[in-house]
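The structure appears right after this line, and notes come after that.
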């Protein structure tokens, strides 16, 4: 009995020591500390996933493979064979590229549990702002040559570099000076905003499916484990309060339903990744989760963001803000006498921007400025892409290492 107890105690100590060793190995596995080992595990995980996917498709996806092959062959023939259909095929391809581009940007924005690319700030937001400013400047919204005439990969919209005279005289001018109303601008950028929102909803599915699979197998997904084991003392002020809110959401998981998921998806917040994990962990039906996420992100949230940017860039809101600011300053002692001169200068600057023709510098100067701006912008995008790639590679390698460690731990426990 005594020897058995000693053996059991030494076995527990060995398992505990191995578990601590495994945790340290996972923590230290990053591209900065162990680049070769991290890349090796990432490649192993990728190959394993591809093999598993191919095996599954060969075993269960006979009809899927057949239909996909037929569609690819038909599409290839339509694209390569010349004929009267060529123009229509090219138009369809433009719409496909346009749709895939904005959906992919949405997926990239939301995938990776908060570590994704901020594509709204990089692409959709600037696109809406530039279109609004151009429409306000030209006094009309018929700027696009087609719905897909937007910012895309290696492509600038045709309307961006055109002067207002090329579109014709302004069509929307009112006595108040608000040239283009919100209701006219919104439909022009609405489709790409909704497509981006659909992409963000699709990007929330992997955490749900991973958590759902973990729940069915009886285990807990990484995000839930980290939340359970996280301490509020080792974080900053914001992280501490965010963890408290997450814990509150975790303890009130019985309230998760269509409406609560819809509310969480509709408002920009850092809690939705956790909500997706919890919905999978606690068995919320897929369609209930996905439809609430889709409506919240693709309809409500994107419209809130789009309308906000249009209002900020629209002349109407600027006029309202100017009037409110003047009213506030008029009540400040000493500033009331300065207001007429300040207002006149503001109006002169605004009229100069809106009504004066844009200066035409020399061809060389334009090229230099474009090159400089493009270089800075591309540098920012590439830095964010690099950061995104590093996070994905590290997370995949760490997950693969954890699976290996679990097998090692299971072998050790069974051998005892």
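Backbone N, Cα and C atoms are what each Cβ position is placed from, and that goes for glycine too.
Taken from Swiss-Prot, the feature N-acetylglycine applies to 2.
Here Swiss-Prot flags 2-60 (among others) as topological domain 'Cytoplasmic', drawing on experimental evidence.
Here Swiss-Prot flags 82-101 (among others) as topological domain 'Lumenal', drawing on an author's statement.
Residues annotated as topological domain 'Cytoplasmic' in Swiss-Prot, with an author's statement given as evidence: 125-257 (among others).
Residue counts for the topological domain 'Lumenal' (279-289) under DSSP, split into helix (H, G, I), strand (E, B) and coil, are 7 helix, 0 strand, 4 coil. Summarising the annotation, Swiss-Prot assigns topological domain 'Lumenal' to 279-289 (among others) and lists an author's statement as the type of evidence.
If you look up Swiss-Prot, you'll see 313-323 (among others) marked as topological domain 'Cytoplasmic'. Across all of the topological domain 'Cytoplasmic' (313-323), the predicted model scores a mean pLDDT of 69.
What Swiss-Prot lists as topological domain 'Lumenal' is 345-372 (among others).
As annotated by Swiss-Prot, topological domain 'Cytoplasmic' applies to 394-416 (among others), with the evidence given as experimental evidence.
For 61-81 (among others), the entry in Swiss-Prot reads transmembrane segment.
Sequence annotations record features per position, and here Swiss-Prot assigns transmembrane segment to 102-124 (among others).
Annotated transmembrane segment per Swiss-Prot: 258-278 (among others), in sequence order, evidence recorded as sequence analysis.
Among the features that Swiss-Prot reports, transmembrane segment is placed at 290-312 (among others).
The annotation transmembrane segment is assigned in Swiss-Prot to 324-344 (among others).
Feature annotation from Swiss-Prot assigns transmembrane segment to 373-393 (among others); the stated evidence is sequence analysis.
Remark: secondary structure over the topological domain 'Cytoplasmic' (394-416) totals 22 helix, 0 strand, 1 coil, with classes taken from DSSP.
For the topological domain 'Cytoplasmic' (394-416), the residues of the chain that approach it from at least six positions outside its boundaries are 11, 14-15, 18-19, 22, 25-26, 29-31, 37-39, 41-42, 44-46, 48, 112, 115, 222, judged by C-beta separation under 8 angstroms.
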